[in-house]
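**Q** The domain 'MHYT' annotation in TrEMBL covers 32-226. Look at TrEMBL and you will find 34-56, 68-92, 104-124, 131-154, 166-186, 198-221, 241-260 tagged as transmembrane segment. Per TrEMBL, the feature domain 'GGDEF' maps to 316-442.
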Amino acid sequence: MNFSFHGSLAIGETGREQCSSRKTGFRMTGYYDYTLVAASFVVAVLASYSALYFGAQLATLEQAKARLWLALGALTMGTGVWVMHFVGMQAYVMPMEMSYDLTITLISWVAAVGASGLALHIIGKDRAGPLQIVIGSLFMGGGITSMHYVGMAAMEMEPGMRYDPVLFSASVVIAVGASGVAMFICRRLQSVQGLKGTALQLGAALAMGVAICGMHYTGMAAMIYPENAMPAADNLLSGDWLGAPLALFSGVLILVALFASANDVKQRRNAEIQALEESRRVERKALYDSTTGLPNRASLANHLVKELARSETDKHEFAVLYLEVANHREIPDNQAEDAIAALARTVRTAFDEGTYLARHSTSAFVLLVTNPADDKHKDLYQRLRNLPTETESGVTLELRAGQSVFPNSGRNSRMLMKKAMETSELRKLGLASMNEEVKSADYFEARSALPET
């Protein structure tokens, strides 16, 4: 397992020329344990995914819960990046036992968590524009770089180490660039939900994991150790605990945090669905008749206002037909609602979907017919006249009807309804004489078959 790529870290003693023509001194050779390298990459991907996941949710949360999620996101992401660093450190096997100063190591963890929290705070704002993302990426990249090099300093090597300036600069650029890309992706993914959002987050997490590892291993390559350098003897943290055990702990921590947050998201979405269903139920109760399922009087009033506005704009007619059960009071109470519901089903079946039907009152319905002069409406009144007057329960209904036409009968809903109700005078279904309001002879052609008054 440990026989793999052999790398080397330069150990500074001026006067020695390397093949790269830099004066870096002797080399302390080591090799990479690919198992731990792979573990560091997995941790980096998990940390990246947690950042994307929490960042995508922050903008949709209430302020109190957003703070909790911000703290949890900063903890999981920061700890993940920090753990990746030490697992990556432990992946490079050196000819001496590695150990770390506890205080400096904790400072490096605080830097990682703080940088992650700042980045998520910026992402969670409603109006995080390009400038904020640039500033955030500088702070986050700086925080990750600080974490990396403070963590390196935690070894307290004697003699002290130094860094290759080119590779050091490259690691900083990679950290800032990766942070900027991560914040940009987080912002873009806030509006993507479902399987597509998850797939995009996973792809972005893999790319970010590569970038984070690239920064870390570039920083590792930048280290220059003096010959025979050793960690401080009083370091309290053994490197043995900062490899696979720490990677396992971090992975479990991130997965638990993601599971908890996913469960919270599921509960919130279920609550939103229930609230939407309740809102629809209340709206239906307010705008629809419970007996017939038709729009009620309030809904009719709203629809009339909209139809008037459309007709004024498009310059077209529409008819208001008022259909009333004249003998409603004579029907036994235990049969009245069933009889009205049966009539509603009959009327709804008799007319096409383009006709708006609403229950106006206990005993009356209203039909709105757009462009009533169209050929498809020529048999409208014949259909009204042919409506069955005996329900399934044997109740005989005495129907009468009235009408008004926009704009001849009136130009507002109150006048149109008043005219339609005033012309509802026949005991048997028929229409009052309104020839003075007729604009199109064809429109009322079918009316000639009905009794007039």
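Backbone N, Cα and C define each Cβ position, glycine as well.
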**Q** Taking contact to mean 3 or more CB pairs closer than 8 A (sequence separation of 6 or more), are the transmembrane segment (198-221) and the transmembrane segment (104-124) in contact?
**A** no
**Q** Do at least three CB pairs under 8 A connect the transmembrane segment (68-92) and the transmembrane segment (131-154), leaving out pairs fewer than 6 apart in sequence?
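**A** Taking Cβ pairs at least 6 residues apart, the transmembrane segment (68-92) and the transmembrane segment (131-154) are in contact, with 3 or more under 8 Å.
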**Q** Rank 34-56, 104-124, 166-186 by Cβ pairs under 8 Å to the transmembrane segment (68-92) and hand me the top one.
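**A** Stretch with the highest Cβ contact count: 34-56.
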